[in-house]
Amino acid sequence: MNDTIAAVSTASGPGAIGIIRMSGPGALSISSSFLFSKNGFLSPSDIQPRIAIQCVFQIGDRKIDQILFFYFKTPNSYTGEDLCEFHFHGNPILLREALDAIFRAGARPAKQGEFSRRAFLNGKLDLTGVEAIGRLISARSRFELELAQKNVFGEVSRLTSNLRSQLISLKAECEAEIDFSTEDLTYESLEERKVRIEGVKTFCQTVIAKSNSAEKVIQQLRIVLYGEPNTGKSSLMNVLLGKDRSIISEIPGTTRDYISEEILLEGIPVRLVDTAGVRETEDHIERLGIERSEKEFQSADIRLFLIDVSKKEEWKKFIAKAKGRLEGSILVANKIDIRDSSWNPNLFSDVKDLIICEISCKTKEGIPILLDEIQKKAATMGHVEDYVLLEERQRYHFETIVRCLDKTLRLIEEGAPAEIYIQEMNYALSEIGEVNGRVDTEEVLGRIFSKFCIGK
């Protein structure tokens, strides 16, 4: 890394500010050849680290723009090298002209993710930190963003540090028993050792499970609208989306397959699913749609169970059949504006964890309350404190650690000497190192940094 790289680090297109970033041993000297103040061009000795300098970016005799310039001296910079930033007005033509001049002065174009690669290679970031930055940039929801922020500030590094500490303690106990076997010392029993190893394994499995749950939320929770025909599922779908997506008709069986759309609720991505109305039918196509409705209902993260409270016999008959399936759902009593006098929400007081919302899709009565209840349910599934976000590569290494610990336990059960099962602990420790980026090949680095933009 003896060369100097440069790139635009702000988004393409016009903007209030456009930033060119340059890193490497020649960054300061190249920069000074373009920085013009009232006393002439600045020399490197005129430029103090971490102090904003207002000056003119000038190419030869031609003034290009009034800019702010920042210099970060090695090693106290993002990349660990001398790093300079030019803050221009954000015109793409202007930035291109300035960047071309910087290239002519001796810098070369940065490759994808090269600034972060240099930060990693110079020890400014471990690999989990680099991956966290990539996730931070690409996050599609507030939930994903907050999980990425946790990792930027060292969540995965803390977990691996904790795990490493537990494993080293275990390994040290085993090695002490080997090295001082002739001494009159007391060591933990094999049963106690197995309990400790199981504890470390459980720690890993918990991290993996929390990550899998986080990915499920990131990939979208599914909110399924379920009920008999003409209870208002399609109308509610359109109301929640704020647009006409589902066809509405008085004819039963209009929706024959599920329809889905993505929305954001409190920063959490969810997918609304409008299903076919559930009823007895001889129509083969409609029956297939009803079967899909059942599958969607079973796999839903949040269930909206719709009933039409304007028709006494209809909703009472349906609830008699379906009351046992309401636990944990939101019962949406639709058409409350024309409800039958027999409607009584207290009929469901014995159903566990059931929320009842009375609404009218026609008048919009109760819709804000329903939305609030949906958001509350979604939020309970999206508390960032309850989750860990592992990248696919990191998850693989955690799963490998679990396999190493499983083999360690099996070897102990089989009566293998400590010298043998300690080797599995060494493999597990090696996997922890891989999580944080103690890697020997360029392949992993290339795969990670290929997802970054040029100026990062």
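Just so you know, glycine gets a Cβ as well, placed from its N, Cα and C.
If you check Swiss-Prot, you get these features:
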type    : residues                       : note
BINDING : Arg21, Glu85, Lys124, Lys456   : (6S)-5-formyl-5,6,7,8-tetrahydrofolate binding site
DOMAIN  : 220-379                        : domain 'TrmE-type G'
BINDING : 230-235, 249-255, 274-277      : GTP binding site
BINDING : Asn230, Ser249, Ile251, Thr254 : K(+) binding site
BINDING : Ser234, Thr255                 : Mg(2+) binding site
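This view paints the features noted in Swiss-Prot onto the structure.
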| residue | record | Cβ neighbours (10 Å) |
| --- | --- | --- |
| Arg21 | (6S)-5-formyl-5,6,7,8-tetrahydrofolate binding site | 23 |
| Glu85 | (6S)-5-formyl-5,6,7,8-tetrahydrofolate binding site | 21 |
| Lys124 | (6S)-5-formyl-5,6,7,8-tetrahydrofolate binding site | 18 |
| Asn230 | GTP binding site | 23 |
| Lys233 | GTP binding site | 30 |
| Ser234 | Mg(2+) binding site | 24 |
| Ala276 | GTP binding site | 27 |
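Within the set of binding-site residues Arg21, Glu85, Ala276, the entry lying nearest in space to Ser234 (Mg(2+) binding site) is Ala276 (CA atoms).
Cα separation, Glu85 ((6S)-5-formyl-5,6,7,8-tetrahydrofolate binding site) to Ala276 (GTP binding site), rounded: 57 Å. With respect to Arg21 ((6S)-5-formyl-5,6,7,8-tetrahydrofolate binding site), the closest of these binding-site residues in Cα terms is Lys233, chosen from Asn230, Lys233, Ala276. Straight-line distance linking the Cα atoms of Lys124 ((6S)-5-formyl-5,6,7,8-tetrahydrofolate binding site) and Ala276 (GTP binding site), rounded to a whole number, equals 55 Å. Arg21 ((6S)-5-formyl-5,6,7,8-tetrahydrofolate binding site) falls within a strand segment according to DSSP.
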